[in-house]
Amino acid sequence: MAEQRNIFLIGPMGAGKSTIGRHLAQMLHLDFLDSDAEIEKKTGADIAWVFDVEGEEGFRNREQSMIDELTQKHGIVLATGGGALIRPENRIHLSARGIVVYLKTSVNKQLARTLKDKRRPLLQTDDPRTVLEALAEKRNEFYDEVADYTMETDEQSAKVVASQIIALLDF
């Protein structure tokens, strides 16, 4: 039996990685994993708590270890955290071990999708728009560098984007 390919979803918070990833995995009969959810399972604490206690550096160390572990699996759809590509090691593992799809979205859509989400430590500020714009400035080049394919998610449902990814990848 041929080895199953992996699909790795990257992009900023609020791009729809987890939601689209679940649909994609279900449609392709693959396992869905979310690196943030896996970190929460392993630590027994939510991401906000890890950020509070260990700082962003501590969280990024955990994330790097988790992405290394998860990308070694076969036949998965993996949703990564928005900042995962900051680390060069993560970019290397994702590129080498699967097909990378960048889910691209606007800051306006990110704001609409994340406005009431208290589980996003980087957005717990008086000016989340400025934070999202700064993150985009810093991270978009990494998404572009690693992506095998780019999909716009602003004006489409998660199911439609998942179907488009399947058609694009010819699964």
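Just so it is clear, glycine is given a Cβ too, placed from its N, Cα and C backbone atoms.
Binding site for substrate per Swiss-Prot: ARG60, GLY82, ARG139, plus ASP36 from the candidate set ASP36, ASP46, ASP154.
Using LYS17 (ATP binding site) as the reference Cα, a 10 A cut-off selects none from the binding-site residues ASP36, ARG60, ARG139. SER18 (ATP binding site) is 10 Å away from ASP36 (substrate binding site) when you measure Cα to Cα. When the CA atoms are compared, the binding-site residues lying within 10 A of ALA15 (ATP binding site) are GLY82, out of the candidates ARG60, GLY82, ARG139. In sequence order, MET13, GLU63, THR80, GLY81, GLY83, ALA84, LEU85, ILE86 are the residues of the same chain, not among ASP36, ARG60, GLY82, ARG139, whose CB sits within 8 A of the CB centroid for the substrate site. A straight line from the CA of GLY16 (ATP binding site) to the CA of GLY82 (substrate binding site) spans 11 Å. Within 10 Å of the C-beta of LYS17 (ATP binding site) there are 30 other C-beta atoms, taking all protein chains into account.
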